[in-house]
C-alpha cells in the first residue's frame with residue numbers, strides 16, 4: 001500500500017540571519033520569524049509525512065504554544081515525526097520539495113539539503129529532490145518578505161508489517 005502527503009509552510013523575514021533551510025545554514029542578512037528555527041523546507045516535509053498517515057500536522061505534534069519547541073531544531077522535529085511513520089510500518093518512497101523564494105539563491109545549498117534530508121529519513125539521496133523557484137517578483141516572496149515551501153511525499157508500506 002502507498003500513501004501520499006502534501007505539506008506547505010511559510011515564514012516572514014525578520015531579525016538577523018543566517019536562515020536554516022532543509023537543515024542547512026544559509027548566509028543571509030535577514031533571519032526568519034518563527035517559534036522554532038523557521039526551516040520552511042523541513043516544516044513542509046514534516047507536514048507532508050504527517051498528512052500522508054492522517055496524523056494531523058506539525059502544529060498538532062509540536063504546538064507553538066509549548067515552550068519546549070521554542071527555537072527547536074527542525075531536524076529533530078522531522079526525525080520524531082518520521083519515527084511515527086516507521087512505527088506504523090511505512091517508509092519513504094520519495095520526497096519532492098519546492099522552495100519558493102526571491103532571495104537568497106538556493107542552488108549552492110541544494111545538494112547539502114538533499115544529503116541532510118536523506119540522512120534524517122534513512123533513505124538514499126536519489127529518493128530526495130529539492131528544487132527552488134521564484135515568483136518572478138510577484139507576491140510576498142517576490143518582494144522578499146518571506147519564504148514559502150511545498151513538499152510532497154510518497155510512503156510505502158514495509159514488507160511484513162500490518
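Every residue gets a Cβ built from N, Cα and C, even glycine.
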Margin query: Can you find which of 35, 43 Swiss-Prot lists as binding divalent metal cation at the same site as 9, 11?
Written below: 43
Next item on the list: Round to the nearest Å and give the CA-to-CA distance linking residue 43 (divalent metal cation binding site) with residue 35 (4-CDP-2-C-methyl-D-erythritol 2-phosphate binding site).
Entry: 12
Checklist line | Whole-number Å value for how far residue 134 (site 'Transition state stabilizer') lies from residue 9 (4-CDP-2-C-methyl-D-erythritol 2-phosphate binding site) (Cα to Cα) | finding: 15
Next item on the list: Could you round the CA separation between residue 11 (divalent metal cation binding site) and residue 134 (site 'Transition state stabilizer') to a whole angstrom and send it over?
Entry: 15
